[in-house]
Ligand SMILES: Cc1cc2nc3c(=O)[nH]c(=O)nc-3n(C[C@H](O)[C@H](O)[C@H](O)COP(=O)(O)OP(=O)(O)OC[C@H]3O[C@@H](n4cnc5c(N)ncnc54)[C@H](O)[C@@H]3O)c2cc1C
Ligand SMILES: Nc1ncnc2c1ncn2[C@@H]1O[C@H](COP(=O)(O)O)[C@@H](O)[C@H]1O
């Protein structure tokens, strides 16, 4: 079974994003970029399934600018076998619906048994691509996964839901999206980083797949959230208790 | 505009998150509430009483018992022939189902709507809430998920909408429900609690978390939350996690105990009315958003606080 892992290049999670003064978006110039953390978890899960013998090949795919090659090389260094970059011009943001359409076309070529996405990209915070891809492919979805096991022609997924956990059984091929506790992604070793440089990486364009990436949502403006100003520090528990009583919560 | 709202329910009653979605949908136009379930008469009757709901569609079928997206999305897509907007609360069900519906309708979903600025214009958070985008949809229909803390809850009673049956679309045969481990708690749910006490990595282990955070929460009649670090370390289950990728909360009072205030955590709680932070590091980022801070060792402070309340 082949596993397809979509990975997105995003602002590093340790960087505090800054809104551009002209309200056109978030300033990404000279900002550290990394693989979306949920996608690292997805790559790790694919590798573990391969190590267990449940998968034979892992293909990482990214829709993004030329620099997204770095993200794909990271996936290859972790253990993916091949990569596909669906390249768009620098600065072009491709919305989840268009990403899902491109992934559908890639899936048509690759015929994966499993697609493992992250549950959300930490830049757009959309939480859509996996579900949309499942819809377009007419296949089942196991979102927010904290455990995944392949059992014959099905995959059993434990999902993190509002009240706790739930488990579903999905017919393969299926789409899974990862939650934080699914696994802890490995670091790529130096020899693997070197090896990754010679692994195959194909470059394509959305047009190759016949997908129109024109946005459906017009961004009218991007602004800072209301800032909270720091309040007061109280010297001791008695003062804190008095404050809480003033507010009527105690 | 005619809107169809996804009702989150347990077959007998309607979950609170639905009420905020009804308010949001009401700002767009007439609201029809969709109750899909198995043996969901009680929930349909409850939905009919929500103020602002003009009609209830009840889809009662074994295929909808566990809100499997593979089964409910075709139902919603079929119904959407008669509606202009599909609105779901941004709960785990809503987030699971709505994008599947959107893709089938060839619509780009607007996730976690914070406000409705016009018939097709919305604000939504991006970058862990560090940037608020105003977006306008150019699609023929709208698919929205709504952040529960951003809209007032519609009154759960006072309405008397008619309930009509919707034709079931059957089982897609792609997925099945195996089981669930849903924690039962006497404490208020995070989504509706007036006060929340959350603990972080500093709580050491599950036992210490139990011994310190729970009694304080009991004194305050509070719900209990946690940072990701606390959840990862196994102090409490995953559904306690507050943050960008956990629960979004906005209680009257949020008490953060031994939590540093990473942007991912702040994303989930910084709309709380009053934030209280207890941390031994006076430079911890949590103090930049806290209204009331107390610098010190939580192992001394929390027991004293619990006792004096
Ligand atoms: C993709 C992604 C998503 C994430 N999503 C979330 C999310 O949804 N929610 C979330 O919370 N995190 C999330 N995180 C993790 C986040 O980045 C932080 O790692 C996490 O919030 C830290 O938890 P903490 O504050 O409990 O731990 P720490 O950062 O370790 O802070 C512990 C604090 O306790 C204080 N302390 C220690 N001992 C004492 C004592 N005796 N008395 C008083 N204070 C003490 C310390 O001064 C410190 O400030 C996410 C991370 C990633 C990469
Ligand atoms: N541009 C992209 N290229 C590849 N994968 C993506 C892209 N955007 C989103 N994804 C995948 O979809 C998941 C969810 O993204 P989103 O719906 O944007 O929050 C991510 O974690 C990735 O696995």
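Here, residue 1 is simply the first one shown, and the rest follow in order.
Cβ atoms here come from the backbone N, Cα and C positions, even for glycine.
Under the heading domain 'Electron transfer flavoprotein alpha/beta-subunit N-terminal', TrEMBL lists B:3-181. Annotated FAD binding site per TrEMBL: B:201, B:227-228, B:241-245, B:258-265, B:279, in sequence order.
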*Would you mind pulling the DSSP three-state label for residue B:262 (FAD binding site)?*
coil
_Among B:201, B:244, B:262, B:265 (the binding-site residues), residues with Cβ under 8 Å to chain A, listed in sequence order_ = B:244
*With a 10 Å radius around each C-beta, find which of these binding-site residues (B:201, B:265) has the fewest other C-beta atoms nearby.*
B:201
*If you draw a 10 Å sphere on the Cβ of residue B:241 (FAD binding site), how many other Cβ atoms land inside?*
28
*Out of B:259, B:262, which has the highest number of nearby Cβ atoms, where nearby means within 10 Å of its Cβ, if these are the binding-site residues?*
B:259
*Do any residues at least six apart in sequence from residue B:244 (FAD binding site), in the same chain, have a Cβ closer than 8 Å to its Cβ, and if so which, in order?*
B:128, B:129, B:263, B:264, B:265, B:267, B:268
